[in-house]
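Here is the structure we will look at.
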Amino acid sequence: MSKMQKISVLLFLAWVSFLFYAGIALFTGGFLLTRLELSNHSSCREPPGPGSLPWGSRGEPGACWMASRFSRVVLVLIDALRFDFAQPQRSHVPGEPPVSLPFLGKLGSLQRILEIQPHHARLYQSKAHPPTTTMQRLKALTTGSLPTFIDAGSNFASYAIVEDNLIKQLTNAGRRVVFMGDDTWKDLFPGAFSQAFFFPSFNVRDLHTVDNGILEHLYPTMDSGEWDVLIAHFLGVDHCGHKHGPYHPEMAKKLSQMDQVIQELVERLENDTLLVVIGDHGMTMSGDHGGDSELEISAALFLYSPAALFPSAPPEEPEVIPQISLVPTLALLLGLPIPFGNIGEVIAELFSEVEDSQPHFSALAQASALHLNAQQVSRFLYTYSAAAQDLQVKELHRLQNLFSKASADYQRLLQSPQRAEAALQTVIPELQQFLRGVQAMCLESWARFSLIRMAVGAAILAAACFLCLLVSQWATSPGFCFHRLLLIPMAWGLAGAIVCAGLLATTELKLDPVILGAMAAVGSLLPFLWKASADWGSKRPLAALLPIPGPVLLLLLIRFAAFFSDSFVVAEARATPFLLGSLILLLVVRLHWEGRLLPPKLLTIPRLGFSAPTGPPRHNGVQALGLGVGLLLCIRLAGLFHRCPEETPACRSSPWLSPLASMVGGRAKNLWYGACVGALVALLAAVRLWLRRYGDLKSPEPPVLFVRWGLPVMVLGTAAYWALASGADEAPPRLRALVAGASVVLPRAVAGLAASGLMLLLWRPVTVLVKAATGAPKSRTVLAPFSGPPTSQADLDYVVPQIYRHMQEEFRGRLERAKPQRPLTVAARQLGSVYSAAVVTALTLLAFPLLLLHAERISLVFLLLFLQSFLLLHLLAAGIPITTPGPFTVPWQAVSAWALMATQTFYSTGHQPVFPAIHWHAAFVGFPEGHGSSTWLPALLVGANTFASHLLFAVGCPLLLLWPFLCESQGPQKRRQPPGNEAEEEEEPLMEMRLRDVPHHFNAALLQLGLKYLFVLGIQILACALAASVLRRHLMVWKVFAPKFIFEAVGFIVSSVGLFLGIALVMRVDGAVNSWFRQLVLAQQR
């Protein structure tokens, strides 16, 4: 029966998690939709619209929509080339030298060219549309379209571009395209290049491999002349930003190297060649990118030709243009059709007639290019609006009317050249207004939503939260049936899925797995909602139907409402410690108010509805206050390791989040290294002392042996890896191969040891020291209402507590040297902490490989995490009464505090719920050379780094139930009886064996704990979903609310899996304890 109860609990928790997953998937499907990608292609045979082609393309060989101005292009893409990296350096105060920063003034060749040849070059500030990840920017730079938000998730799993693009147009025109650099292009344009030199791009710690590989082939390829378009994608600047940040001296070296490349390219250019130097995006002050901050979207664009390009000198301040403007500009300059889906606007001044003295001829050439561009965009809008209905109809009609008027004015201009000057002043602004209006409309419209999916997904999330609340209350009620708990919702869910599949089949609609899962979730919720409505109809008091205490309910409501404010979401790293500290103070005050911090003789009058305690307090006032103060101090110290969000420029991130390799001073680096190793040793010593206090490290069981010998080896391996990683750049040349090999072996060895330890723990989870001694056994009768070995679970549950007390007395008798003549038959230690010992051991084994994925100084945060958890568990245990024989329950304030601490640790380890703050370097721990074509392993490593706190606290959640029983050993010590006194002694505390006395209540308590934790996490994901839904047109939806929802969703999935594994581990230990006792009973019978 008990085994079936365990299976029912685990399956029901998995089913509830599935309900949340279904709600998340359905909401995500409605909220993060991509735009429709058209497969249409432009061609020279099909003009973009009615009317004659521009005068410049008539009768010229090879002319397409417009005669080509250049026959060759060299495109130098310097990844993450922020605009101020290329901006000419000027002093803000006359007479004073300019500010000296590593990234300023290093591209001096651009400034010299602009000064010496002002009509041949131009520098622009190009604005990239978010997300500012490399793959999305490459798509925009070749298609002229806008990437959508959800495409950011595929940045490291690129797929071929199906839309019309510049590379395809060049290939169709027979142009020879040679590429060298970032291997992302290989996936985006498979087989499109006549010659290609790809280099791995994912290893952000490698600053030189890609760049040096390009330089090896760049100049020989140029000199050979066997190319029409040459593309070189350098990655060193971007990788330097990720590894060191823009303020590091390495950035100056990289930019100087790029400056030298530009100089040598300029010297090799011919008159029919255009040089384009562009950055795909910028970078933040910490060197990251992916969001939409000003520093991330601001990139440099430099154009140069040995022949004159511009009729006038460049303006004092560079012009700001959208980055996608480069696509139609290059297409027309090379005599190619503009890609079909382009919505960019040509850079009009590049189409001026430089050698013509008549200004209106230059303006007419600009108007011709703009009109071709507008015709192409109008054609795209017509085709797209016919295939999709996500463009705003009213705005679409307005723009089409504007284009019709501008096109008519342009045709009249061609027919009446004598009025050209006056007409051009109207036509050009009208065409630019149309093109810019289309961009604005698409930017707003392509954030399209499916409101039905979003509403149903949010409803499923809300119903799942309500289900957790109800069943957590029913679980402790008498006669609670575990089997019906699982069978009824599964039957209803299966029926809902079958009905939905039948309806979709009869209507000949596509079977969507997300829809089927959602219908199964709705069906499984119906019986619980029916029972809940019956409970509400019984007119029970509100407190019985909503058992959450008032202060905790207020805390959850505050946290729920905070997700609807972008300011609170941005400041969550500061708000969470405040809420956690407030809850801790509330716990201390409540303990005092309930009398648990006062002497027992003062506890006579119940206060405010709290009943007087039934037993003596387990903590005195000074100890409990010390726990509270220690907790607040740990929270404050952990807050020192903070990363500032981009929206708070006045805030400065903690310098302790960076790896030791980024430090310049040798002495400071050594001191920090010593502190990090000291944190490792302290963490290991704390775990060993705890196990020695509550158990026995002398047990011959494999997990105990691993704790004694395996954990120190893991500490040594971690410390050695940190030493190599922090000084790899300083290693002598003859030792670099050895260092590189050790950097691969050590992290993998630590991870392998951790996995081995976890497998041993699952294999032999009962770490009990059992000893036998010769001599006659002590005369003590074990009463049993059966003969022979136990034949049922009830028989075993009856005799186990007696055997356990018998072993305690025998072991105590052996230790009492005053009575050496008393024989000992069986002695066992660590049974009172057998469950919590397994959980603490598992957490320690998980912590070390997770710690390796972080920067070295985060080890101090992990030490604070364990200390903080220990203090919180002791403080919570003081307020949780032990009821015998049950039911057992974990208060809501304990679960809420645990969930808040997980969130606080997420921020204290240097994370933020935004994509630029993801620690991509974690993907290379143990894999410095990258992962080849594999994407799941780097995703797993980065995910483990990001959600380490969610995993650890979820796995450790059962400690909230176990710790009060563990603290029972801290109660009043048993008084020794004088020799000869045969009075019965006070029994030692049973600790966690009390849970074994009543397995039904034990399983119900685990179920209730899991559901409460899922409820608290579910409230957070529900709030994020509702905030993203209600504020879907908010200015900050893609910068704040959408990333927050995605991080909360993934964090919920990780936490639910960790919670399932933690509860399953406790049940595995319980099953092993049953087997152990069964063998012991059989041995006693023999």
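Heads up, the Cβ atoms here are built off N, Cα and C, so glycines get one too.
TrEMBL labels come from automatic prediction, so no person has curated them.
Taking TrEMBL as the reference, the stretch among 9-31, 860-882 described by the feature transmembrane segment is residues 860-882.
Only residues 6 or more beyond the boundaries of the transmembrane segment (484-505), in the same chain, are considered here, and those with a CB under 8 A from a CB of the stretch are 8, 11-12, 15, 471, 511-512, 515-517, 519-528. If you look at the transmembrane segment (575-593) against the transmembrane segment (860-882), you find at least three C-beta pairs under 8 angstroms, all six or more positions apart, and that counts as contact. Listed as Cβ neighbours of the transmembrane segment (834-853) (distance under 8 Å, sequence separation of 6 or more from its ends, same chain) are residues 680, 683, 687, 690-691, 694-695, 703, 707, 711, 714-715, 718, 721, 747, 750-751, 754, 757-758, 761, 765-768, 859, 862, 866, 919, 922, 925-926, 941, 944-945, 948, 951-952, 955-956, 958-959, 962-963, 966, 992, 995, 1062, 1065-1066, 1069-1070, 1073. Spatially, the transmembrane segment (1045-1067) is not adjacent to the transmembrane segment (706-725); fewer than three Cβ-Cβ distances between them are under 8 Å for residues at least 6 apart in sequence. Between the transmembrane segment (671-691) and the transmembrane segment (860-882), three or more CB pairs separated by 6 or more residues in sequence fall under 8 Å, so the two stretches touch. Proximity of distant same-chain residues to the transmembrane segment (706-725), defined by a Cβ-Cβ separation under 8 Å and at least 6 residues beyond the stretch ends, is recorded for 659-661, 673, 676-677, 680-681, 684, 687-688, 691, 697, 731, 739, 742-743, 746-747, 749-750, 753-754, 756-757, 760, 841, 844-845, 848, 851-852, 856.
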